[in-house]
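Pasting the relevant annotations from TrEMBL:
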type	residues	note
COILED	391-441	coiled coil
COMPBIAS	7-16	compositional bias 'Polar residues'
REGION	1-20	region 'Disordered'
REPEAT	89-121	repeat 'ANK'
REPEAT	155-178	repeat 'ANK'
REPEAT	261-293	repeat 'ANK'
Amino acid sequence: MPGASDSGPSTSSRESATPCARKKVHFGNIHDAVRAGDVKQLSDIIERGASINEADILHKFTPLHWAAHSGSLEALIINGANLASQDDRGCTPLHLAATHGHSFTLQIMLRSGVDPSVTDKREWKPVHYAAFHGRLGCLQLLVKWGCGIEDVDYNGNLPVHLAAMEGHLHCFKFLLSKMNSKTQALKAFNDNGENVLDLAQRFFKQNILQFIQGAEYEGSDPKDQETLAFPGHVAAFKGDLEMLKKLIEDGVININERDNNGSTPMHKAAGQGHIECLQWIIKMGADSNITNKAGEKPSDVAKRFAHLAAVKLLEGLQKYDIDDENEIDEHDIKFFLRHGVEGSTDAKDDLCLSESDKTDARMRAYKKIVELRHMLEIAESNFKHLGGITEEDLKQKKNQLESEKTIKELQDQLEYERLRREKLEGQLDECRAEVDQLRETLERIQVPSFAVEDDSSCESSKEKKRIKKKVSSGGVFVRRY
């Protein structure tokens, strides 16, 4: 078949995939092009007739397997690739992406609808591979997509057993925190009668032993702790910011108070991802560098429980500081050199590309974003013209209904106040009329009394005159004849 080869990876591909700065190499088959992440040559090989699902003889890997193995994200975006294809061990591309820690590649395949719980011949699921190889990012992603962490393999091993036997402490902590019962998880036995403690002892994993034996183990349920002794920790765990403020501002507790495990309220809030509590605690001057008995800072606890927002807040992660006034120029190579991030959260060196290849890949990705946005705008426009209602329209309609409801309530309130004012004004008019009536009545009562007073004053004056005449003294006149 043109463009295909029955052999495994060629010498040219091995030479070209290893050094970061390499000359342009022409690949002999589709598998080598995928392993090297060369999208242009991959497209050319497919156009020449190579099958996208053809497996090589050595590993029984399809091109999609190699893409998952090396983290070649762009190589996956090809129509017709079979995401469910298996190699001779029953591994799908999903298993390989989880094994090698390519969480970005894994996410693309999960979004395409592939089953996250597919098993290989050993009944291992992708979550078992991620736990066994210590791929925390892939493990968190698989759990988020509903992959069961309490499923066993053909030996009865849970993912937590595999993480314990390999000494992957962060994966072990994460799995333990997501189990329904931590006590049962620690005591669960596999088909050989071994629990996580036995496996850690057999494989000399001292970090797991210290964790299990109580050097760090910190129950995530505050009911298991002395609730009355550490009310601030309970408030921080529950995200009760008002209670936490009251306790600290009233001086009941110290903001850096430690519990029996050496954890502060910041550790508790970080473990549950309570951003508002964390922001207030940081504002109050809490120390974010305090470690608990396990040697974990609050940011480490946030990482363990996969609270990315809390991690960014505590560590001050700000990978990109782009001025909003600066527009992206797709022809400006410096932009893609400055802002590019290669690889994934778990694996960064499986696919080693030159700087020019990385820049070209980022430019292609950005152009694809612009193209997809343009297509999305066209699709939304067509959808609206055909009578469809977009999410934005639904939000606007919802906001409009809420606004109309608020206006109606305010209008009803205004009408009620108007009627109440009219009623009060009517009562005021009645009171004024009654006051006027009482004033007139009072005036009528007061007029006769004035007349009586005048008469009495006249009589008294006459009486006084009489009295004066009687009292007056004078000589006696004698008539003489």
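Heads up, the Cβ atoms here are built off N, Cα and C, so glycines get one too.
In the displayed structure, how are the listed features positioned relative to their neighbours?
Computed over the repeat 'ANK' (89-121), the whole-number mean pLDDT of the model equals 85.
Nonlocal intrachain contacts for the repeat 'ANK' (155-178), taken as residues 6+ away from its ends with a CB within less than 8 angstroms of a stretch CB, comprise 127-128, 130-136, 139-140, 143, 149, 185-186, 188-192, 194-197, 199-200, 202-203, 205, 207-208, 211, 220, 303-306.
Counting residues 6+ beyond its ends, the repeat 'ANK' (261-293) has Cβ neighbours under 8 Å at 215-216, 218, 220, 222, 232-239, 241, 244-245, 248, 253, 255, 299, 301-302, 304-305, 307, 309-310, 313-314 in the same chain.
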